Amino acid sequence: MANVAVVGSQWGDEGKGKIVDWLSERADVVVRFQGGHNAGHTLVIDGVTYKLSLLPSGIVRKGKLSILGNGVVLDPWAFAKEVDEIASKGVAVTPDNLKIAENAVLILPVHRELDEMREGANSGVKIGTTKRGIGPAYEDKAGRRAIRVIDLADPSTLTIKVEGLLAHHNALRRGNRLEELEAGPIVEALKEIAPRVLPFVAPVWNVLDEAKRKGQRILFEGAQGTMLDVDHGTYPFVTSSNTVAGQAAGGSGVGPGAIGFVLGITKAYTTRVGEGPFPTELTDEVGQRLGERGHEFGTVTGRKRRCGWFDAVMVRQAIKTGGITGIALTKLDVLDGFDEIKVCTSYEIDGKLVDHLPAGMDAQAKVTPIYETLEGWKDSTQGARSWAQLPAAAVKYVRYVEELIEAPVALLSTSPERDDTILMKDPFED
C-alpha cells in the first residue's frame, strides 16, 4: 500500500478534480498541502455539482478525513462561506471529518487589498493573480509576521500580533497613498470569525502520523500545477507556493518517505489562464476549437483559458522537477475529430535547439516550439473504459506522449464522468 500525491504537470486546470475524486473514494485521508482558495475544481457526484476552492475533495465523501495542512493559507471568511455552500447541498462539515493545521497562515482583508492594488497598478509585470490575497499572505509568512490559525485561540495576544503585521502593511500603504489601518477592526473581525474555524484546529502532523501507523491510505491533493511553482515554474508568472510533490511533505508535516507514488495530472493538450509564456499557444481557430470543446473557463475566476497543442518538453521537465512517477492523461476526448494533431517535441531559441524551458523570462519569451505531426482520429474516445474501445490513432498518440515525457500513463480519462477512466497502474498499490 502506497500513499499518493497528486500534482498538476502543466499550468493547472489539468482535470485534477475528477482524478482526485476517483482516488479519494479509495483513500482514508485527503490532504491539501499548499495554496489557498485560488485553486478551483469541480466535482460531480450522484448528479450533484460541487465547486470547491479551498476544501479537500474528500470532504464530499462520507467516512473520509479531510485535512488542510500547514502549507495552506486560509481565508477564514472564504472557508466559512465554502462550508455553508456545500452544507446547503447536504454535506456536513464537522471536526470529525475536517482538520485544519494549527500552524497554517491566515489570509486577511489587508492581503486581498494589497493583491488587488498590485494587479491594478499600471507599472510593473502583471502576473494575473486571482486577487484573493494568496501571495501577500505567503509574504507575511516568510517575513515571520503572519497571523496563524492558532493565534485565534488567544485573543489576549491577537492585538499585539496584528499591530506588528500592520507596522509592515501601513508602511506599504503610506507609500501607495492609501489610508492606514487600525488594528482594532481587524482584531474584532478575527474574534467574530474565530468560532467558525477553531473547532477544526488540530496538530495535523500528529493526526497524519496516527493515520500512517494505522495503515490508512493518505491522498495528498496538490493545487495549481508544477509550471506555476514559485521555484520551478515560469517565474514571475507563478503562484506563491511550491506546487511540486516535495511540498506535500513540508506542507502537511510528514516526512518525504510517507509519499509512495506521485501522480501527475496531464491534459492531452495545453492550457493556461492568466499571463506568462506559453510556447504552444494557438490563437487561431484550432485554439478556439480546443477551448470550446474542452469548456476551458476557470472555476474560480471564470476567465477564458489560453489553449495550445501538447508541450512534451514542458511536461517532461515537470515530471523531473516534480518527482512524478506516472501521469493521468485527461481530456483525450477533446482531440476527437482533428485531422491531424501536433505535439511539441523540442524548442528553438535564437536558432538553437533546446530540450527544456529556460529559467529566464526573456529566454522563455523567445521560445519557438518544434512540432511533430500525428494522424488524428474520427471515432469518439469519449466514455471509453478500456484500450480496446480506443481508436488505433488515439492509442498511438498516448504511447508517443509516454515516450516523449519519459513516464508511463497510469490512468487515462476520456470524459468528465468519474467512471470513464482507463486504469493501467493503481497508484495506491506498491
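A Cβ is built for glycine as well, from the same backbone N, Cα and C atoms used for every other residue.
Look at Lys18 (GTP binding site): DSSP puts it in a helix. Summarising the annotation, Swiss-Prot assigns GTP binding site to 12-18, 40-42, Arg305, 331-333, 413-415.
If you look up Swiss-Prot, you'll see Asp13 marked as active site, proton acceptor. All protein chains shown were included, and the count of other CB atoms within 10 Å of the CB of Asp13 (active site, proton acceptor) stands at 26.
Annotation comment: Swiss-Prot describes Asp13, Glu14, Gly15, Lys16, Asn38, Ala39, Gly40, His41, Thr130, Arg144, Gln224, Thr239, Arg303 as IMP binding site.
Annotation comment: Swiss-Prot describes Asp13, Gly40 as Mg(2+) binding site.
Per Swiss-Prot, the feature active site, proton donor maps to His41. A 10 Å cutoff on Cβ-Cβ distances gives His41 (active site, proton donor) a total of 22 other Cβ atoms nearby, all chains included.
Residues or ranges marked as substrate binding site in Swiss-Prot: Thr299, Val300, Thr301, Gly302, Arg303, Lys304, Arg305. The 10 Å shell around the Cβ of Arg303 (IMP binding site) contains 13 further Cβ atoms across the protein chains shown.
Nearest Cα neighbour of Lys304 (substrate binding site) among the listed binding-site residues (Gly12, Gly15, Lys18, Gln224, Thr414): Gly12. Summary: among the binding-site residues (Gly12, Gly15, Gly40, Gly302), the fewest other C-beta atoms within 10 A of the C-beta are counted at Gly302. Distance noted between the C-alpha atoms of Asp13 (active site, proton acceptor) and His41 (active site, proton donor) is 8 Å. If you take the Cα of Thr42 (GTP binding site) and the Cα of Arg305 (substrate binding site), they are about 16 angstrom apart, rounded to a whole number. DSSP classifies Lys304 (substrate binding site) as strand under the three-state reduction.
In the three-state DSSP reading, Thr42 (GTP binding site) counts as strand.
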